[in-house]
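A.B. asks: First, the structure itself, so that you have it in front of you.
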Amino acid sequence: MRKFAYCKVVLATSLVWVLLDMFLLLYFSECNKCEEKKERGLPAGDVLELVQKPHEGPGEMGKPVVIPKEDQEKMKEMFKINQFNLMASEMIAFNRSLPDVRLEGCKTKVYPDSLPTTSVVIVFHNEAWSTLLRTVHSVINRSPRHMIEEIVLVDDASERDFLKRPLESYVKKLKVPVHVIRMEQRSGLIRARLKGAAVSKGQVITFLDAHCECTVGWLEPLLARIKHDRRTVVCPIIDVISDDTFEYMAGSDMTYGGFNWKLNFRWYPVPQREMDRRKGDRTLPVRTPTMAGGLFSIDRDYFQEIGTYDAGMDIWGGENLEISFRIWQCGGTLEIVTCSHVGHVFRKATPYTFPGGTGQIINKNNRRLAEVWMDEFKNFFYIISPGVTKVDYGDISSRVGLRHKLQCKPFSWYLENIYPDSQIPRHYFSLGEIRNVETNQCLDNMARKENEKVGIFNCHGMGGNQVFSYTANKEIRTDDLCLDVSKLNGPVTMLKCHHLKGNQLWEYDPVKLTLQHVNSNQCLDKATEEDSQVPSIRDCTGSRSQQWLLRNVTLPEIF
């Protein structure tokens, strides 16, 4: 009996295990089918394994790449090729994982299903294989498949063999149509982008540089804004990819685009008025006066309507401000979409050379945008950069005609309504040199940067570094920097203008010719013997060394 009972227990236990095995087999078989159905039903870009799963390997999750000491010399030599750490880039996978750097409120936003399609246009010239293909793979892996019409790679006359047939063979295997378009000769970013835009088929054109990495959820918020209003031109937050280590660092949603006196693009803090307009919701787009220009999306038809790029501009430089002014002045809107993040390798120097040099090219381009879009404010720019007035800027009649056709607003409207915190002083007592009566020398910013001392040098009468504005707010400005003194008998430093008076408040007496620093009650004096090129403040004595002539610079002769 015992033996029979024991057999029954063994048999029953075995039966339980058999039934359990069958259940598990059927369960996981069905789960696999469900997963297969789920993956087939989702757009390729929504399967986020390549995006969110941490991988092992150099640079994964955006971590910095550390080069061993024994390879440092080779790394330095390779760095010169593209002006970034090529060795580090080649160690990183094309589909490396990146952190989700979006604001928490962005991660739960829901976008319409019927968003427009986009063609992604990427111009390259002698780009590194690894950075170019990492850009392409990040677009494919992190974008809903049905939203990507195509990727258009425009080769601006590259000389490297691997960017010829090997590139064409590689991109044919990708799951998104990728077209390689060749420029017959070196044409520059502007004309190469125009070529890419001309062959694109998507409802939206998205321009990217050739050394970018898109993050999860980058595309939908851009397309959603254009669907909401086709005259809205949108930029992602541009995250920083280190040129030294390829570390991925989130960009700030608290900065927007502006420009300085020399029409150089600059990032500035988002002003309080824009925060108030968004009611403090940082997930809402920021209206930006200008864009950096490398990364943006625009409705394809609208791009044509507002005049694409100025084809009379050469190579690169100034085109971002020109299109920014045009968008705003001609009825469009320019935004930074804070829920979209795209990384960009920021280089300290360019590896490219340009016929005639970059200075000549940028001067020509800036002259064109000033003549067409800046009205009387162009004269302010010419005083700051008199060399611009000497360049041949070509025929602008078609661009002037475009402005009239589109019935665009004046530049004064742009400054008052879109960029009231512009660095261009609209109300001032003087704009020009500040000359010391005793030494006959002029204040000079010496091309120094923020937190450095203002200088004094022989007056040259050519504007540029010796142009200062004594504003209606009683600031002494040189570009976006104001003369600031923080201690008695101290030197005069240049700090960002804060418009709060304090250490940046100066009182000019046109009779005594003194510039009195109000907070300290001392007067601006000539340089001391200890430091012959740095003025300071001293107790007011009425001496000639404390007398200054504020002279308006006359407009240079314009050709």
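For all residues, glycine too, the Cβ spot is worked out from N, Cα and C.
Keep in mind that this is a model prediction, so the values were computed, not measured.
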A.B. asks: With ASP209, HIS211 listed by Swiss-Prot as Mn(2+)-binding, which of these, HIS125, HIS137, HIS341, HIS344, is given for the same site?
C.D. replies: HIS344
A.B. asks: Name the residue among ASN95, ASN141 that Swiss-Prot annotates as N-linked glycosylation site.
C.D. replies: ASN95
A.B. asks: Determine which of ASP155, ASP156, ASP281 appears in Swiss-Prot for the same substrate site as ARG186, TRP316, ARG347, TYR352.
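C.D. replies: Same substrate site in Swiss-Prot: ASP156.
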A.B. asks: Please tell me which one of the recorded positions listed here (ASN95, CYS106, CYS408, ASN552) sits closest to HIS344 (Mn(2+) binding site), measuring Cα to Cα?
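C.D. replies: When the Cα distances are compared, ASN95 comes out closest.
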A.B. asks: Which residue counts does DSSP give the domain 'Ricin B-type lectin' (429-551) for helix, strand and coil?
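C.D. replies: Across the domain 'Ricin B-type lectin' (429-551), DSSP assigns the residues as follows: 9 helix, 55 strand, 59 coil.
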A.B. asks: If you run through the region 'Catalytic subdomain A' (115-225) with DSSP, how many residues end up as helix, strand and coil?
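C.D. replies: When I sort the residues of the region 'Catalytic subdomain A' (115-225) into the three classes, I find 45 helix, 28 strand, 38 coil.
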A.B. asks: Taking the glycosylation sites one at a time (ASN95, ASN552), which has its Cβ surrounded by the most other Cβ atoms within 10 Å?
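C.D. replies: Counting every other Cβ within 10 Å of each candidate, the maximum falls on ASN95.
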A.B. asks: Report the member of HIS344, ARG347 (the binding-site residues) whose C-beta atom has the most other C-beta atoms within 10 angstroms.
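C.D. replies: Most Cβ neighbours within 10 Å: HIS344.
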A.B. asks: Residues with Cβ closer than 8 Å to the Cβ of CYS540 (disulfide bond), same chain and 6+ apart in sequence?
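C.D. replies: Same-chain residues close to CYS540 (disulfide bond) (Cβ under 8 Å, separated by 6 or more) are THR514, GLN516, ASN521, GLN522, CYS523, GLN546.
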A.B. asks: Near CYS497 (disulfide bond), which residues of its own chain have a C-beta under 8 A away, given they sit six or more steps off in sequence?
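C.D. replies: Spatial neighbours, sequence-distant, of CYS497 (disulfide bond): GLU475, ARG477, ASP480, LEU481, CYS482, GLN504.
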A.B. asks: Could you check the binding-site residues ASP156, ASP209 and say which one's CB has the fewest neighbouring CB atoms inside 10 Å?
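C.D. replies: Each of the binding-site residues ASP156, ASP209 was scored by Cβ atoms within 10 Å; lowest is ASP209.
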